[in-house]
């Protein structure tokens, strides 16, 4: 159904597989690298080669890297461009006006979006069979790692500037299938938002998940070394997440799920 | 004295309000009990490690900005002199940002206020050379605008080139200021440098009073002008540098506060110094409380509020100057 929808939206026939595909979004990059035939995917975004954001750095290594500018992409003469719905609008509109077929994929907000996205990109690339195989593998993998208990342990994501991930996000969904209650969602944050440190202290979650520090200095990351958070961490379990595993709704998200399932096991007797 | 006492009462009240208002809803009695006795785990943490440093920094940063505004205006005999507007705070930001991005701060934490002091000191010295006593308002404002544009641009440049993705978002902090999520560490970092600045400026009162009669008259009264100048430069640099290093560049406080209070002390610069310190503390504490009341989940910047309140004063000053010139 979704495949037909995407076919209609872009006007490309699902039968004639595109041969010069350019992806300009980290998540479509990685989906396309999983699904495309050798030589079918011409270029991926530069983020796909950044180990802090991408889990498929090796696969991206041999490809042309782009920064998503309309001019740059158009000059590659693509017959299909894969973009995210949050990719720079101006670039996507310009490419469409120049007659390039563009397939846009929304960001994944739930684990259930992963199979849908695999099928959508599979259909766009004419790789339906490979997509179905990956979907089956993903569903089996998810069943194997999920924690069946009713969520009972509170966990909070805490990032630089006091940023947290609340309800309606992929990260929130991962918590709910691994037996955790998301303290950010309980505190009323929907999507991503700021959770003031003192509210976090009052919630006193049993697990605090922070992101790994980036190179170079920033005062935004100071909050992760705040004395109040240190006290909280001393009492709670702490996990440092690898950002790359959590960003995109691709099969590798199972690594993040497995990590949280292990954390849940360690916290419950 | 008539002015100092009510102002002191106001500052104490605002300090208490700053301790009691926050995003976590904690009752009045519970929070005071936890603050004093240290009983009740989470509440103590909130009161002692999050709200206390924030209130203390509001007090210190405000007093520092008010005092340095009064000293600069006294020395330059120009009501437009204000650390944030004429480039001293932006230069202090630049110093702090460079110290952070070069990794100096990671090795030696006090490098942060010291580098900000250096940036502020260079800019004050440059301003005094370009528009020193006797130089008109025009020279001061032109030099100040050029300096703050340059310092702001260099700060943005350094942050844009950083490999850290969050650095870019911090441009707003360094140019607008905020007291969110600071800790006691920042209080200890800023306090000694600020104490040095207060010590230096406190003794300039007599000199500044004499200077109102003109440079020659002051010199004939036995005021060592070169020493006075050095005291003001270093004192302002230490205060603004330390304040900016922990709270970013908060503008307009040094302009509005002395301007409001000057008529109350009969226009005497020496009397204006302590009064402006108290007034500055009250303004910053009030602005910081407002950021938490208006938009608790948005991290509204301090400079946004001080500018909204302060800019109309600036317009009024300019209007008065124009009418005076005609």
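Cβ coordinates are placed from backbone N, Cα and C, and glycine is handled just like the others.
For B:53-72 (among others), the entry in TrEMBL reads transmembrane segment. With a cut-off of 8 Å between Cβ atoms, the residues of this chain six or more beyond the transmembrane segment (B:53-72) that come close are 11, 15, 18-19, 81-84, 88, 124, 179-180, 182-184, 186-187, 190-191, 194, 197-198, 201, 204, 208, 232, 235-236, 239-240, 242-243, 246-247, 250, 253-255, 257-258, 269, 272-285, 288.
As annotated by TrEMBL, transmembrane segment applies to B:114-131 (among others).
Counting only same-chain residues 6+ beyond the ends of the transmembrane segment (B:138-163), those with a CB under 8 A from a CB of the stretch are 76, 78, 80-81, 85-87, 90-91, 93-94, 97-98, 101, 119, 123, 126-127, 130-131, 170-171, 174-175. If you look up TrEMBL, you'll see B:138-163 (among others) marked as transmembrane segment.
Annotation source TrEMBL lists transmembrane segment at B:183-202 (among others).
Sequence-remote contacts of a segment are chain residues at least 6 beyond its ends whose Cβ falls under 8 Å from one of its Cβ atoms, and for the transmembrane segment (B:232-257) they are 57, 60-62, 64-73, 75, 79-85, 88-90, 92-93, 95-96, 112-121, 124-125, 128, 173-179, 182, 186-187, 189-191, 193-194, 196-201, 204, 276, 279-280, 283-284, 301-303, 306-307, 309-311, 313-314, 317. The transmembrane segment annotation in TrEMBL covers B:232-257 (among others).
Within the chain, the transmembrane segment (B:269-290) has long-range Cβ neighbours (under 8 A, six or more residues past its boundaries) at 3-4, 7-8, 10-11, 14-15, 17-18, 21, 54-55, 58-67, 69-71, 73-74, 179, 198, 201-202, 204-206, 208-209, 211-212, 250, 253-254, 256-258, 260-262, 302, 305-306, 309. Annotation comment: TrEMBL describes B:269-290 (among others) as transmembrane segment.
Residues annotated as transmembrane segment in TrEMBL: B:302-319 (among others).
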